[in-house]
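Report on the following structure.
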Amino acid sequence: AQEVVLRVHHFLTGDSPLEVGILQPWEKAIEEQSGGRIDIQRYPSMQLGGKPPQLFDQARDGIVDVAWTLLSYTPGRFPIAEVFELPFMGGTSTQTTMALQEFQAKHLGKELEQVHPLLIHAPAAYKIHTKTKPVAGLADLAGMKIRAPSRQMTEALNALGATAVGMPVPEVAQALTTGVIDGAVIPWEVFGSLRIDSVAKDHTEMGVENGGMSTSVFALVMNKAKYDSLPDDLKKVIDDNSGANLAPLAGKALDDAEAAERQKAIDAGGTIHVIPEADVAAWKENTKPVFDAWVKAATDAGHDGQTILNDARAALVAAGAK
Amino acid sequence: MAEPEPLTEHAHPVVVPHWLVALCRWFATLGGLVLVAMMLMTVASIARRSLLGAPIPGDFELVEIGSAIVVSCFLPWCQITGGNVLVDFFTMKAGPRTNHALEALGDLVFLAIGILLTWRMFHGASEFREYGEQSMVLRIPVWWGFTVILPAMALLIVTTFFTMIGHWRAAQAGEVRA
Amino acid sequence: MTGIAAGLTGFAVLLGLMAIRIPIAVAMLAVGIGGYGLVNGWMPLLAYLKTNTYYQFSTYSLSVIPLFVLMGEFATHAGMSRALYRAAAAFLGHLRGGLAMASIGGCAAFGAICGSSLATAATMGQVALPEMRRYNYSGALSTGSLAAGGTLGILIPPSVILVLYALMAEQNIAKMFVAAMIPGIIAAIGYMIAVAVYVRIRPGEGPAAPAASWTERLASLRETWSIILIFGVVVVGMYGGWFTPTEGAAVGAFGAFVLAVLHGGMRMGGLITCLQGTAKTSAMIFLIMLGAEMFNAFLSATQTPMLAATMIAESGLSPMMVLAAILLLYLAMGCVMDSMSMLLLTIPIFYPIIAGLDFGMSREDTLIWFGILAVVVVEVGLITPPVGMNVFVINGMARDVPMWESFRGVMPFLISDILRILLLVAFPAITLGLVRALG
Ligand code: NA
Ligand code: NA
């Protein structure tokens, strides 16, 4: 019989890839493996109240049992995890997610100590999607108004000659339609649900097909006391379905979602522009000050900024090789 | 605006100290000026975007921070001028004494809620400060806004206390102030 | 207590508190906070309240509301109501009941830069009421036409209530505005027809005024261009090309500010008066929103909205019957309750139900159509007895007219409202046509 109810709260819709590809299979596995003793209740679209930046604290404070959120929704709060938001860091969802597992064990313990992390993961790296004109080279980007997903990307876009606009995700579609922005750095998988597909027709990828600009760090976190209160056998069920055990499923789900949305955009007449690998060097050179600033800020805050950056890069390379 | 005082669906006018009215008016004006600043900043940002191709950096987050300050500063003025709508229908015939007593009760409930919200907001502000949360583009510390928001909330509490006393006295005296 | 029982108990307590004059926002906050604590636990409640107020007040999309309120205040101060009324009266005044028709027309035009019904009724009343009384219009017709005309303020965009609906039902604000245009124009025409029928039956209540010459008519039009300009920039700019709704509201407020300074002679004192008016209205709205958010978070925690939606989907009721039931409930509630509170309280429950029903349209079309219907119906509540805010406001300005006479005066307009609601329900294309045409 059911002993434990876990209420899962997030801001995406009930038909988003997160729900369909990750949370629903995860719910099924846990309910089956616990013999029905754990009952997972999903509350998409912020149904339990509040705004997206509150989600992390909702899980920490036990307002909900589990929350899914973006760490970049509270800028300044997770400075070390921010290293993955630096330009050109992210790869496929699987690659970045696997790299994050190793990185989390090494460096994120302190930032996540207030919760029981179930899964730290990432989407496939974000591309630039534009409406007014295609971006086929660095020169095209000059002066364009581009929505940035994080503060690292804000600085990167400015360093690349664009004008970064900080804007909540729900505003993006309308802002594109109305010309408030010329383009946006966003993940493919929210394309359809945000109705951006009908507006932005040019898509810029970096270096290789599907190479991206940047990524964000997603977190599925559980209330600590709730986790501690579980009997050992139920803890084991949760453990068997979190962290490195859940990461491959999450990586595949978001890569599949990206591939599907990308294909849909191409079928609908969208054009993909791939910046040649040789040209990407110039992009990277331009954004070097952003890396330097991040390392300096982390070092000033008492962390070993350079080591953290090197470890993040090494983890990404190692995950990419697999 | 020369809008006449609506006859119903609002609290009855009640006697409160003059200094309190002045203080609430100052806060409302301060909030209003912040709103005007938001308006001008947004118009300037649109103009810059149209003419120079680049908006004012962080225009969206400035509106967000400004908005929280504006609304908080407006709350005491709304309370002291009896601006919160209520359902008048079921108590219309009950007479001014009963109505003042009921409005005193409403203020008591609001007073308790105001104290609760302000106490919790204080803790929220402390956490914003402790965790170093900032706006995305301009990196403005989120807790800065609370240096105006918390005093405004405190004023709301004081105001609700005095309107409650005013209603209570009016109910005792049975006076009718149209 | 579990699930739907807890939700229904919460509703009962809420209605009880509202019945004894507890302000609506305070009642929603009290029940929301108490219910949330009981259902979710008190420690989680205390944690929830730490940042909830801040995030509710600092939401970008909601900042459009104080800006639209400010725009209305400036527009009022600019004295544009006078110019608009003069223009309408120059063209219509010579007809029987023509000054009442001009009141309707003036209200519709003023509604194009003012988002609030009360403000529209009150400002137009200051200009139109003395004129109508001067030409011996009856108390019933003069107050009735203004009270009804004021309701055009929330139908003709921009409109604070449409903004709130769009945000709650996750619809595009600009599309909601465009969808409201044709129903708004139909409303104005319907009201004018109501006046025409009324004075045919009772000719003594609205005698014809002297006709204006064409020179006077054209001259009167010249003063109204600024309103047309602001309306055009705000609505066209928002829909077609230049800015977000918040930016549109800022541009509109700025335009009205310039008008108030140049045309209305606004100086520091006038500015402060406008700011205080904005403060009162905006704070009232945001407090209700905070209360509704808290109450709806409590309801969601009891799973009432999901269970209710499932029950209705499985009940076998036809979609039209569900829609009719909801609209009738709004009409009934509107008799005694404030329209904005009503929408904020019920839309989070009703919109998933409506979205789940098949009216033979896309989900988006269904929600836009329902939104316009809901706004039209709650707007009727502003002129229905016993509590009709617009009637109270206008009646308060005409001290010599008894309240019952004002309520008698709005009856023809209520009939026009009912016919219009039936029309909008029967033909969704009236609402959706322009949205579809503009893509
Ligand atoms: Na309007
Ligand atoms: Na009514």
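Along the chain as shown, the residues are counted starting at 1.
Keep in mind that glycine also has a Cβ here, set from the backbone N, Cα and C atoms.
Where the annotation comes from TrEMBL, it is an automatic prediction and has not been curated.
What you are looking at is a predicted structure, and each value in this text was computed from that prediction instead of being measured.
As recorded in TrEMBL, the features of this protein are as follows:
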DOMAIN    C:11-430  domain 'TRAP C4-dicarboxylate transport system permease DctM subunit'
TRANSMEM  C:29-48  transmembrane segment
TRANSMEM  C:60-80  transmembrane segment
TRANSMEM  C:100-125  transmembrane segment
TRANSMEM  C:146-167  transmembrane segment
TRANSMEM  C:173-199  transmembrane segment
TRANSMEM  C:224-243  transmembrane segment
TRANSMEM  C:249-269  transmembrane segment
TRANSMEM  C:281-301  transmembrane segment
TRANSMEM  C:343-361  transmembrane segment
TRANSMEM  C:367-397  transmembrane segment
TRANSMEM  C:418-438  transmembrane segment
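Spatially, the transmembrane segment (C:249-269) is not adjacent to the transmembrane segment (C:281-301); fewer than three Cβ-Cβ distances between them are under 8 Å for residues at least 6 apart in sequence.
Of the two recorded stretches, the transmembrane segment (C:367-397) does not lie close to the transmembrane segment (C:60-80), with fewer than three CB pairs under 8 Å once pairs fewer than 6 apart in sequence are set aside. Here the transmembrane segment (C:60-80) has long-range neighbours at 110, 113-116, 119, 123, 158, 160, 163-164, 167, 173, 224, 226-227, 230, 245-246, 248-250, 252-253, 255-257, 259-260, 263-264, 266, 270, 273-275, 277-278, 281-282, 285-286, 289, meaning same-chain residues at least 6 beyond its ends whose C-beta is under 8 angstroms from one of its own.
Confidence for the domain 'TRAP C4-dicarboxylate transport system permease DctM subunit' (C:11-430), expressed as mean pLDDT, is 88. By the count of Cβ pairs under 8 Å, the stretch nearest in packing to the transmembrane segment (C:100-125) among C:29-48, C:146-167, C:173-199 is C:146-167. Among residues of the same chain six or more beyond the transmembrane segment (C:343-361), those with a C-beta under 8 A of the stretch's C-beta atoms are 28, 161, 164-165, 168-169, 288-289, 292, 295-296, 299, 304-306, 308-309, 312-313, 319-320, 322-323, 326, 330, 367, 369-370, 374-375, 378, 428, 432. Fewer than three CB pairs closer than 8 A are found between the transmembrane segment (C:224-243) and the transmembrane segment (C:281-301), and contact between the two stretches is not assigned (pairs 6 or more residues apart). Among C:29-48, C:146-167, C:173-199, C:29-48 has the largest number of CB pairs under 8 A with the transmembrane segment (C:281-301). Nonlocal intrachain contacts for the transmembrane segment (C:173-199), taken as residues 6+ away from its ends with a CB within less than 8 angstroms of a stretch CB, comprise 61, 64, 95-97, 100-101, 104-105, 107-108, 111, 141, 145, 148-149, 151-152, 155-159, 162-163, 165-167, 205-206, 235, 238-239, 245, 368-369, 371-372, 375-376, 412-413, 415-417, 419-420, 423-424, 430-435, 438.
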